[in-house]
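Residues annotated as transmembrane segment in TrEMBL: 84-100, 106-124, 307-328, 359-381, 939-957, 972-992, 1019-1039, 1059-1078, 1090-1109, 1129-1148. According to TrEMBL, the feature ATP binding site maps to Asp427, Lys428, Thr429, Glu569, Phe616, Lys639, Arg673, Thr754, Gly755, Asp756, Arg856, Lys862, Asn885, Asp886. Annotation source TrEMBL lists Mg(2+) binding site at Asp427, Thr429, Asp882, Asp886. The domain 'P-type ATPase C-terminal' annotation in TrEMBL covers 908-1158.
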Amino acid sequence: MTRTGRLRERLRWSKLYSFSCIRPSVLLDNEAPHSLQGPGYSRVVYCNQPRVHRQKPFKYPTNYISTTKYNAITFLPKAIFEQFRRVANLYFLLAAILSLTPVTPFYAMSMIAPLAFVVGLSMAKEALEDWRRFMQDMEVNFRKVSIHKGEGRFGYKHWQKIRVGDVVKVDKDQFFPADLLLLSSSYEDGICYVETMNLDGETNLKVKRSLEVTLPLDDDEAFNDFRAVIRCEDPNPSLYTFVGNFEYERQVYPLDPSQILLRDSKLRNTRYVYGVVIFTGHDSKIMQNATKSPSKRSRIEKKMDKIIYILFTLLVLISLVSSIGFAAKTKFGMPKWWYLQPQNTTDLYDPSRPMLSGIFHLVTALILYGYLIPISLYVSIEVVKVLQAMFINQDLHMYDEETGIPAQARTSNLNEELGQVDTILSDKTGTLTCNQMDFLKCSIAGISYGLGSSEVEMAAAKQMASEASIAPEQHSSGQDFWEDNRGGFGTSEIELESRINCAIKKPRKPRIRDFNFEDDRLMLGNWTKEPTAGTILLFFRILTLCHTAIPEPNMETGGFTYEAESPDEGAFLVAAREFGFEFCKRTQSSVFVRERDSSSENAIEREFKILNLLEFNSKRKRMSVIVQDESGQINLLCKGADSIVFERLSKHGRMYENDTSKHLNEYGEAGLRTLALAYRVLEESEYSAWNAEFIKVKTTMGPDREAQLERVADMIERDLILVGATAVEDKLQKGVPECIDKLAQAGLKIWVLTGDKMETAINVGFACSLLRQGMKQICISTINCDLVTQDAKKAAKENIFMQITKSAQMIKLEKDRHAAFALIIDGKTLSYALEDDLKNQFLSLAVDCASVICCRVSPKQKALVTRLVKEGTGKTTLAIGDGANDVGMIQEADIGVGISGLEGMQAVMASDFSIAQFRFLERLLVVHGHWCYKRIAQMICYFFYKNIAFGLTLFYFETYTGFSGQSVYDDWYMLLFNVILTSLPVISLGVFEQDVSSEVCLQFPALYQQGPKNLFFDWYRILGWMGNGLYSSLIIFFLNVNIFYDQAFHAGGQTADMAVVGTAMFTCIIWTVNMQIALTMSHFTWIQHLFVWGSIATWYAFLVVYGKSSPLISGNAYQILLEALGPAPVYWVATLIVTASCSIPYLAHISYQRALNPLDHHVIQEIKYYKKDLEDQQMWKRERSKARQETKIGFTARVDAKIRQLKGKLQKKSSTLSIQMVS
C-alpha cells in the first residue's frame, strides 16, 4: 500500500485536541525518559524481530488463548477431583472400595457400577460444556490477520501464531488480535478511531494516534528495515494506563495509552493501521481482566447439603445401633450357636473379641444402609436443569424478532433460583431505555420549541385517559376527577393529552432516525421569521460545529451518515441537517457546512476554521470549539451540563437563564436528556495570548499536564452568553412499564441503579411507574461544606445519618397504610451511605420504601449496593444490565441477567442468563422461575422420600435377623433401583411438571410468591416427606413379613424363602414410589405416563429376563416371577394392599389441604378443571384481581391510588349532601 492509499482529508487532529490526542516530541538531552527499572517494568520488545522473544530470557507466550477448564491431559484428574468434592460421591467411593473387602454385604459390582455411571455422566456433561468453550476459543484463535513476513511483504496468519514483536496490518472493521503499539494509519496524521465496546461497554469511538517519528511507516515496503525497541510495563489488567518508552533511531520517545490498541477492540472509520505487538494471548489486557465468574449455588442446593448431612447422621446412627447389636449377639449368642462353630470363626465373628467384630460390622452397616443417600440425586438434578435450560432457550415468547436473539440460560445451576427472587437491581440506560437518542425539543432564546411528546408524556396521557374512564362509573360528574388537583394531574395534563390526540390524528411524516422533532416554526427555513432569528442561527451553528464527528457519504441516500463519539452527538447533527445546516466535510483545519437559505432552494457551503477543540470528558462535563468564520470573527462555542454552563455565564449573558431553566425542568420531567448551549466572541489579541499559553502547556510533558490543560481551558470558557438548550429522548424499551407492573404484582422489589443525573432518573421512574403522583419522595443528598476535608466528611456523614433517621421515623409514623415512599439518592451521598457505620440504617430505610433509585453511581457502587442488599436482607437478588459497567453487580448478585443490547457483550458474558429485552424478564421469572423452583423442590423431596422408604427396609430386615448384615434384596435389584427403575419418572417430574399453565402464571402473578416464601422446600415439607418415607418403609416391611411369614405360599404348602420375600417387598417399593410420584404430578403428558408406568413394567420385564438367565447369574432368583411369584395370588394381593396402605397418608393430607386450606394453585386448578373460567367470567376476573400482591409501584398501583382518591371524593360529597338535607 503506497501513500496514495491514504485518505485525501489530511486531518492532523493532534493540533486540535487538547487532552487525549497530544503528540509528544522527542525527549531532549536534559530530559529523562520514564524510569523503567525494577519490578513491574521488565518487558522488552524488539520490533519486527519476533524470533528473539521465543528464547530465554524472554519466552513470551504465544497469542493462543484458552478459556477452557480442562485440557486433554488435565481432564481426567481435575474432573474426577471435582466429582469427589461432593460429600455424597466421596462416601460412595469409599463404599465402593470397601466393597472389595470381605466386610461388604454386596457384590463389588453392585456398588461400583452405579457410582461409575453417575460420575461418568457428570464428567461427560463437564466435557461437553468445556468442548463448547474450546470451540469458541478455536473460532477466535483461527481468525486471520495480515503480518509482516519479511522484506516488506505481508501475508495472512492465524491469530494464534502471532508473536510479540510482529508487525501487523489491521483493516477497517477488524478486531485487533493482540495489544499493539500504533505505528501509522491511513490518515496522514496517524490517528485512528477505535470502538472499545467489548472492553468497557461504551459505544462512542475513541481516538488513538501514533508517534510523529513512525508516520513514514505508511506502506508495506517501509517495514523492510524497520527496527526499534520498546521497554514498558509488565502485563497487567489496567485498561486505561500504559507506561513505556520507544527507542528508535537513537532517540527515546515516551509512550502513553493513546498509542495503544487493545485486543478485542475494533478499528472504525479508518481504512487500515500498522502496529507492533506488545502483549499476546493471556498477557493482553483483556485476558488479564478475564476473571473467573464467582461460583454461585442456589439456596435449594445449599439446603440440600444440610439434608444430606441429616441423612448421613441417620445412617451413622442406625449403623452404630446395628454394630452394637451385632457385637452383643456375637458375645452372648455366638457361643450357644454350636452349628456356627464359634471356635473356628474369623475376626468378623469372634465371640472372644466382640468389640472388634462390632467395628467390622459398623463398616458393613455403613455400606448396607448407604441407599439412604441417593447416589443418583446429583446427576438427576443436573440432567433436569440442563433440560430446563433448553426449554428456556427455546421459548419463542422470549425470542426477539428484531434482533433475532433468543433467551439463553448460560448456566443451568441457578434455574430454581429464578423462582425465589426478592429484589431486582436494574441498570437504566440500555436496560430500561434503548440507548437510542431522538432530538425531540429545544429551547432557544427563552422560547421552547418542539410539539412532539416523549414516551413519558404519552404514558402519562394514556394513564390519565384510562383513569378518567373510571370516573363516570364512580360519580355522575367526570369533572370532579380533575378539580383541585393542580399539584398532580391538572390543566396541563389535559392540554397535553389533547395535544397528543391531535398529533395522532395528523398525517404522520416519514420517520427519520434520531429526529422526532415537530414544530413548523423552525422547519423549512421558517426560523428566519422568528424575532430571535440571530440567536436561532447561533444555536444551529453550535449543533453543527461543536463535535468531533466525521461525515461518511451515503451512496444510497446521497446524503451523509455521521460517525460520532456518542449517540447524542449524532442526534444533534441529524437535527441540524433537518433544520437546514448540513455538516458535509471536515479537513485538517476546517469544517464545511451547507446552509440552506430560506429565500432559495440552493444551499450555501460555508467554511469554518477550527482553531482549537476542548473535548468532553466526565470531569469537565462540557465541550468547546474555537472557530473562525468567513468574516474573520473568532467564536468559542460550548455545550455541556446546564449546571456547568450556567456557572460560566457572564452577567449580560443570562438574559434567557430563567426561561431556559424552566424549560430544562420541564424537559427533565418529560424524561429527556438535556444540554445547555452557549457561546462567546473572542478578540483576536485575547485569543492569541490564550493560545500561546495553551500551546505551551499542551507541548510539555509531566505529571500535572492534565491539570494544567484543564486550568488553561477553564480560563477561556468564561463569560459565556446563553443561547438555549437541547432535549433528546432516550426511549423506553418496548413493554418496560407493563413488565415492571407485572413484577410488582408478583411481589418483587425493584431498585434502579444508574449513572444518569437525578432528574432524568426520576422522570424515567415516572415513565416506568416506579414512581407516581402522590408518592412521597425521600431525597437523600450531601451538604455543601467549606470546612477542611476531615471535618467536611464528618459533617456530611452526620447530616446523611440525620436525613436517614428522620425519613425512617416519618415512614414509621405514617398512619395511612396506602402511603408509598420512594428513596432517591445520588452517588456522592451513596459513597457515605455504604460505609460500615451507615449502611445498615440506609438498607433499613430502603427496604421500607416502595421503590429505590440510585443516581450518578459508579460501576463499583452498583456492585456494593447489590452486595449490601444480598447480604443485608439474606434474600435472593437479581441484577440486570447491558453494559460493561454492569458486570460488577451482575456477578455480585445471586442471579445475573445480561441484556444483549447496544453496549457490547461484556454483561452477557458475565451473566447467568441473557435476554434481548427487559420485558422478557417477566416471563423468565414469573413463568420459568415459578416452574423450575417448584419442579426442583418437589423432585428433591421425592428423592429423599423414595430412598428413605427403600433404605430403611434394609435396617428393619437386619434387625429382624439378628443384625446379621444380610441384605433381603438381590444385588441386581439394588443396583437398578436408583439408576433405572426410579430415575426416569423423577426426571420427568423435574422437566415437565406444571401446577398451572404459563398463561395462568402471567394472569395470577401472586403465584410467584410461593418461591420467595419457600413453600415447597421449607423444613415442614421436607420433614413431612421424610416422615412419609419412614411410614412407607414400615408398612412395606412389616406387612410383607407378616403376610409371607407363616402361611403357605405355594400350592404344595411351602412357605416363602428370603428371595421370595425380598422380591415381593421390592415389588411393593417400586409400585409405592411410582404411585406416589403419579399422585404428586399435576400435569401429565404421554412422556410422564410412559416413564411412570413404564418403570413398573420394566421391573416385571427385568424379573422375567433375569429369572430366565442361568442360575449362575440369577442365583436364588431363578424363574422367580414365572414359577414362584406369578402363580401365587398372595403376591398380587400383598402388592395391592401394601401400595394402597402406603398412599393413604398423602391422599389424606392432600384431600384435607384442598378442602380446608387450599393453596392458590389448588383453587386455580379446580376452576380450570370445572371450566368456571369460561362459564363465569366475573368470578374469574374477581379471582384474578385477588391473585396479585398488594404493591405500591407499577401502573396497577397508580390506578388503585386514583380509585381510592375518587372514592374519598365521593364519600366527602355524600357526607356534605347528607348534612345539607338534614339542615
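Even glycines carry a Cβ here, placed using N, Cα and C.
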Which residues of the chain, 6 or more past the ends of the transmembrane segment (939-957), have a CB below 8 A from one of its CBs? 300, 304, 307, 311, 318, 322, 368-374, 377, 380-381, 384, 966-969, 977-978, 982, 986, 989-990, 1016-1017, 1021-1022, 1025-1026, 1028-1030, 1032-1034, 1036-1038, 1065, 1069, 1072-1073, 1076-1077, 1080, 1142
Ranking 106-124, 1019-1039, 1059-1078 by Cβ pairs under 8 Å to the transmembrane segment (84-100), which is first? 106-124
Taking all protein chains shown into account, the Cβ-based neighbour count within 10 Å for Asp886 (Mg(2+) binding site) is 32
Which binding-site residues are spatial neighbours of Asp886 (Mg(2+) binding site) here, meaning Cα within 10 Å, out of Phe616, Arg673, Arg856? none
For Phe616 (ATP binding site), what is the tally of other C-beta atoms lying within 10 angstroms of its C-beta? 22
Report, as numbers and ranges, every residue of the chain located at least six residues beyond the transmembrane segment (106-124) whose Cβ falls under 8 Å of a Cβ in that stretch; write 'none' if there are none. 79-80, 83-84, 89, 92-93, 95-96, 99-100, 367-368, 370, 375-376, 378-379, 382-383, 967, 971-972, 974-975, 978-979
Rounded to an integer, what is the Cα-Cα distance in Å between Arg856 (ATP binding site) and Asp882 (Mg(2+) binding site)? 17
Distal contacts, the transmembrane segment (359-381) - CB-CB under 8 A, six or more residues away: 86, 88-89, 91-92, 95, 98-99, 103-106, 111, 114-115, 118, 121-122, 304, 308, 311-312, 314-316, 318-320, 322-323, 326-327, 347-348, 936, 939-940, 943-944, 946-948, 950-952, 954-955, 958, 963, 965, 967, 974, 977-979, 983, 986-987, 990
I'm trying to understand the geometry here, so how far is the Cα atom of Phe616 (ATP binding site) from the Cα atom of Asp882 (Mg(2+) binding site), in Å to the nearest whole number? 24
Could you round the CA separation between Asp427 (ATP binding site) and Asp882 (Mg(2+) binding site) to a whole angstrom and send it over? 8
Length of the line joining the Cα atoms of Gly755 (ATP binding site) and Asp882 (Mg(2+) binding site), in Å: 13
For Arg856 (ATP binding site), list the number of other Cβ atoms lying within 10 Å of its Cβ atom. 17
Nearest-integer angstrom distance between the alpha carbons (Cα) of Asp882 (Mg(2+) binding site) and Arg673 (ATP binding site): 19
Including all protein chains displayed, how many Cβ atoms other than that of Asp427 (ATP binding site) lie within 10 Å of its Cβ? 29
Within 10 angstroms of the C-beta of Gly755 (ATP binding site), what count of other C-beta atoms is obtained when all protein chains are considered? 20
Just how many other Cβ atoms lie inside 10 Å of the Cβ on Arg673 (ATP binding site)? 23
